[in-house]
Amino acid sequence: MTVQSAPAERRLILCVEDERQLRTNVVEELVEAGYEVVEADDGVAALAVLETCVPDLVLCDITMPRMGGYELLREVRARGPELADVPFVFLTALSDRIAVIEGRSAGADDYLTKPVDFDLMLITVKSRLDQVDRVKASANAQAEQRRAQEVARALQRGLNDLTTAFDRVSMGVLLFDAGRNVIYANPQSKGVLGKGLAISNSKLQVQSPAEASLLRAALAKAIDEGENSEFLTISQDAEHPLIVQFISLGRGGTPSGASAAAFLIDTNAPAPLSERLVARLYGFTPTEARVATALARGHQANQILADMGITTTTFAFHLRNIFRKAQVSRQQELVALLARSAVVVQVEGGD
């Protein structure tokens, strides 16, 4: 048979099937195609698995002892937003129209009939995962556009309104005009500046020539080309690095005179986000939210393992899920992302 190439990142599939040999065959095909797989022999066992992880897709038989596929699907969909968007594909020997209608009514995304065509199964799994990715990408793009529009509207209310908001956030914020001059620095930036980064004659200065070149290029792109920068690292002697990101405020600037903003994220300073809020923002499980906020507060892995009483393997599993859901690839990017989320929280929530 033709085996599909492995996905770019290993996606987690939950296979629920009471027939042991068929389940074994399905798992082998999925693993060979590059997926990670967890197994359950009926709906009750599947619910127990879902207490410990959130799969990217569920492949499930309909007729099983204790709890069948339809009941499992209803239970999964009733468990809240964390599992609401997980694709659910039924494996069934029932190919009649009534069975299909019942499954669709319950919220199933697709059907595969037995005996299973493994080529078709792999194509269906990949197609459903790709569809989820497209929906998420579109939602993220729309959310990013909404955030940009909100920033633009805030800027149009004038620099005073903007600086009042930035005065309350937990991280350092700088505003630049079209000439690359610093026209505003919030109070929190005072505690960050001087640690490898400084303002001299209204210009942002960096001690390291290499880092200075990167910052100048990133600021120029934000002002001249309207491009937000990646997270940039600034050395702080023996301390944790400082993370800087330049955000474009629109080509040609704004009515307030600001053309770009810089967020200064001190990785020594804990991000003021609750575990509950982090879970809501990024779809983390409670355990993932606890791990993410601990990392954002600067805790080391061994400290987190001891505090939570988990193994290195379990920690790595949660970290992989956190990175995937937050759409980051490094711990530094996660810390910066959570710190940026704190900006929205504090501006909206006040003191």
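Note: Cβ is positioned from N, Cα and C throughout, glycine not excepted.
Feature annotation from TrEMBL assigns domain 'Response regulatory' to 12-129. The annotation 4-aspartylphosphate is assigned in TrEMBL to D61. The feature domain 'HTH luxR-type' is assigned by TrEMBL to 277-342.
For the residue listed as '4-aspartylphosphate', the number of other Cβ atoms no farther than 10 Å from its own Cβ, over all displayed protein chains, is 24. The DSSP breakdown of the domain 'HTH luxR-type' (277-342), given as helix, strand and coil counts, is 52 helix, 0 strand, 14 coil.
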